[in-house]
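**Student:** Pulled these from Swiss-Prot:
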| type | residues | note |
| --- | --- | --- |
| TRANSMEM | 4-21 | transmembrane segment |
| TRANSMEM | 30-52 | transmembrane segment |
| TRANSMEM | 62-80 | transmembrane segment |
| TRANSMEM | 89-111 | transmembrane segment |
| TRANSMEM | 147-169 | transmembrane segment |
| TRANSMEM | 204-226 | transmembrane segment |
Amino acid sequence: MNDYVQALLMILLTVVLYYFAKRLQQKYPNPFLNPALIASLGIIFVLLIFGISYNGYMKGGSWINHILNATVVCLAYPLYKNREKIKDNVSIIFASVLTGVMLNFMLVFLTLKAFGYSKDVIVTLLPRSITAAVGIEVSHELGGTDTMTVLFIITTGLIGSILGSMLLRFGRFESSIAKGLTYGNASHAFGTAKALEMDIESGAFSSIGMILTAVISSVLIPVLIILFY
């Protein structure tokens, strides 16, 4: 099959499956009917049925990645619209994100250390709550397995976006700041997309949470590894 035709088919497959997954969730509101999860499972099923390799899919998937990278710029709009509220809560935002990052590190590091896992495994898992573009680089530079890091980043994002709404209701969080920072800090881009579905203010704070988590983590992870290894 011509490469251009295959690329176009893979793009169409992705868009169509995501569209129907989104419609399914709208018709049957359920956090487990997450469009990203359903579409991903659908793509995997189609690739297995037709014997299409990952590289074959990425002939079209890489174009989608380029488009998604450009759409990140759109996150500037909710930030700009809520700039005054952001300015008024700078200390709360920073303290909340830093606390979230440290708790994540403690959970991952101490658990893996207790079970005797090696430095490579720890480095691979530590960036799981960072957005992929940064997390992959952090893992790669410190000797982790970046392909596995991607898997854990995606899994973390999906779990956060699926269970986040239930946990927020359970904790009775009503503030857009709290909801947004929780999503951005715990489940990066997946969480930010979910926060934007709630309201633009939550989306703005989720964007900040995602960015700050990536920056703080990329600084602290190397420090943690140097201290203990």
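Glycine is treated like the rest: Cβ placed from N, Cα and C.
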**Student:** Quick test of the contact rule: Cβ under 8 Å, at least six residues beyond the ends. What residues does that give for the transmembrane segment (147-169)?
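**Tutor:** Sequence-remote neighbours of the transmembrane segment (147-169) are 31-32, 34, 36-37, 124-125, 127-132, 135-136, 139, 178-179, 182-183, 186-191, 193-194.
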**Student:** With the transmembrane segment (30-52) as the reference, which stretch in 4-21, 89-111, 204-226 has the largest tally of C-beta pairs below 8 Å?
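**Tutor:** Looking at each of 4-21, 89-111, 204-226 in turn, the most contacts to the transmembrane segment (30-52) are made by 4-21.
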**Student:** Can you tell me which parts of the same chain pack against the transmembrane segment (204-226), counting only residues 6+ beyond its ends and a CB-CB cutoff under 8 A?
**Tutor:** 75, 78-79, 81-82, 86, 93-94, 96-98, 100-102, 105, 109, 119, 122-123, 126-127, 129-131, 134-135, 137-138, 141-142, 176-177, 179-185, 188-189, 191-192, 194-196
**Student:** Looking only at residues six or more beyond either end of the transmembrane segment (89-111), which have a C-beta under 8 A from one in the stretch?
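**Tutor:** 122, 125-126, 128-129, 177-178, 181-182, 184-186, 205, 208-209, 212-213, 216-217, 220-221, 224, 228.
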